[in-house]
Amino acid sequence: MCECLEVSRSGYYKWRKTRERGPNPAQQRRAELDAKVAKFHAASDGVYGAPRILADLRDDGERVSRKTVAASLRRQGLAGICPRRFAPATT
């Protein structure tokens, strides 16, 4: 079978072993953080971005950086809504 797929035998067994083990602690933490970020984003009706979600997470007791929250939002395809810039009416 390995010859047909053009992979080494050791590579196949290493892949199979990692699949059986399940997610590592970093992947589990990332999944938990993604769930919390999505929850806070939905609670704000999709308005909050990374800085405000970060404040909510810190109030909730999480220790995480703004860049980690921003990466989680990007990974999930979520984004905050930016307010419109003030444009004075010309006469």
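Just so it is clear, glycine is given a Cβ too, placed from its N, Cα and C backbone atoms.
Nobody curates TrEMBL annotations by hand; they come from automatic prediction.
What TrEMBL records for 30-86 is domain 'HTH-like'.
Under DSSP, residues within the domain 'HTH-like' (30-86) fall into helix, strand and coil as 35 helix, 0 strand, 22 coil.
A mean pLDDT of 95 is what the model gives for the domain 'HTH-like' (30-86).
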